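For reference, the structure discussed in these notes is given below.
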Amino acid sequence: MIFNPVISNHKLSHYIHVFCTFTTFCILGTETRQAITALSTYTPAFVTAPTVLWSNCSSCMLMGIMQSLNAYTWMKDHQVLFLGVTTGYCGALSSFSSMLLEMFEHSTNLTNGNIANHTKLPNRAYGIMEFLSVLLVHLMVSMGSLIFGRQLGKEVIVAYGSSSFSKPYTPPSDTVKENAGDVDTQEMEKNILEFKFKTPAPFFKKFFDVVDKLAYALAFPLIILFVVLCAYYENYSRGKWTLPCLFGIFAGFLRYWLAEMFNKTNKKFPLGTFLANVFATLLIGIFTMVQRGKKHFSTDIPIVNSLNSCHIVSALISGFCGTLSTISTFINEGYKLSFINMLIYYTVSIGISYCLLVITLGSYAWTRGLTNPIC
């Protein structure tokens, strides 16, 4: 085999481009989710806080827009940017494991507010209603946001932002693969055959170029910034604003690797996303148990009873677990499956994840008890 330095350098630069862009969007997605959660936590709120409902809604809408832009070949020259926005930013902005934790806490009456105020459900059967309330609201809002985003991208952005028709194209071999769960090559090919491929207006091309270059350039400065802030500030920001973004980088790449490795094994069941969501839910149950579980049955002191340790666990919950799992890709994959396969995929994912929370967090809560964390 003849070594070609030109090809090798091209692949290396492509991988560096993917790494930097994906890292930037993972950091921004995690930080955005933290900000939206903090912004939506107020009294009296129509949507009970804290919740990731707003984050899931926003990420699914953006995912829908990007799907339409890519289907009409707007992103053909910016496939790395497309990967960063969909799998990176939208994946980090939304959270499957946090949704499952909300579902478990509300259905078992174990939210922080219920424990602090000694609030009880009329009877335990109302836990079923709470379970369905969280499940249906999250899924319906997320699916509705995805569909709205796709129509917004198709009927508004593509329809009014295209300058002309362009020639069909063949994606390069080093572009983003469809195994990540966020690329629909079948829809793209269908639009090409129907001569629906369009060229974005110069403004959008320039905008994509600027965002792509910024994401490429900001990766290492952002990493250095958050490392310095995390080391310097020892207050609540470590568990809420700085550490979660650093943990989110590793979680985002793990989720992408799982999707690349396992989604192609079964087209009717995206195994990679399933493994990422289930594993993240298992971890969030364990971390929540450590943070909120009573150290002794007779006291309200949690297992993690130092402030710094509590901040680290909080960062693992919101940063690593929140970014490792995703609703935007989960909903987008279900949208592209047949209705029966979608039901199977959603039911198995949610059912197994909820059972893992019952086994880990539930068993400890019902034997030793939960309390509010110290941070």
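Each residue, glycine too, has its Cβ placed from N, Cα and C.
What you see is a predicted model, and the numbers here were worked out from it, not measured in a lab.
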Exercise. Pick from ASN56, ASN235: which one does Swiss-Prot list as N-linked glycosylation site?
Worked result: ASN235
Seminar exercise, completed: Checking ASN117, ASN263 against Swiss-Prot, the one recorded as N-linked glycosylation site is ASN117
For this session: Could you tell me whether Swiss-Prot assigns LYS11 and TYR335 to the same side of the membrane?
Result: yes
Exercise. Out of ASN109, ASN117, which has the highest number of nearby Cβ atoms, where nearby means within 10 Å of its Cβ, if these are the glycosylation sites?
Worked result: ASN109
Problem set entry | Integer Å distance between the CA atoms belonging to ASN235 (N-linked glycosylation site) and ASN117 (N-linked glycosylation site) | 27
Exercise. Near the transmembrane segment (311-331), which same-chain residues lie under 8 Å Cβ to Cβ, leaving out any that are not at least 6 residues past its ends?
Worked result: 26, 29-30, 33-34, 37, 52, 56, 59-60, 62-63, 86-87, 90-99, 138-139, 142-143, 146, 180-182, 236, 238-240, 242-248, 250-252, 254-255, 259, 273, 276-277, 279-281, 283-284, 287-288, 290-291, 304, 346, 349, 373, 375
For this session: Could you name the stretch, out of 80-100, 128-148, 242-262, 269-289, with the greatest number of CB pairs under 8 A to the transmembrane segment (214-234)?
Result: 242-262
Exercise. Averaged over the whole of the topological domain 'Cytoplasmic' (263-268), what is the pLDDT?
Worked result: 89
Exercise. Would the transmembrane segment (269-289) and the transmembrane segment (80-100) count as touching if the test is at least 3 Cβ pairs under 8 Å, pairs 6 or more apart?
Worked result: yes
